[in-house]
């Protein structure tokens with residue numbers, strides 16, 4: 001079983017970050033004028049989707065949760081690397097925040113077991 005409340009706290013922290021809004025909702029390629037988005041990003045993910053999956057108990061492991069968070073920011077870096085450097089930088093910065101929070105969380109979670 002995954003520690004749902006702690007995972008939700010991490011997602012909410014990321015969503016409240018100054019760049020969190022960029023990654024909170026699924027990308028709408030039509031509205032944003034990104035016709036090649038799904039050609040580049042094969043497995044879209046967003047923080048809001050992760051939050052819903054947590055609330056619906058859809059995650060079977062902490063590794064699945066971790067994978068989706070990383071995927072959210074990796075997708076941002078993958079698509080935006082050549083197109084919009086500022087979004088790439090936001091994704092990188094938020095991924096670093098997540099890794100820092102996740103490391104602290106893993107340390108506490110391991111000690112509590």
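Yeah, the Cβs are placed from backbone N, Cα and C, and that goes for glycine too.
Any TrEMBL annotation is an automated prediction that lacks curation.
Taken straight from TrEMBL:
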DOMAIN    15-87  domain 'Bromo'
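Look at the domain 'Bromo' (15-87): DSSP puts its residues at 49 helix, 0 strand, 24 coil. Mean model confidence for the domain 'Bromo' (15-87) is a pLDDT of 93.
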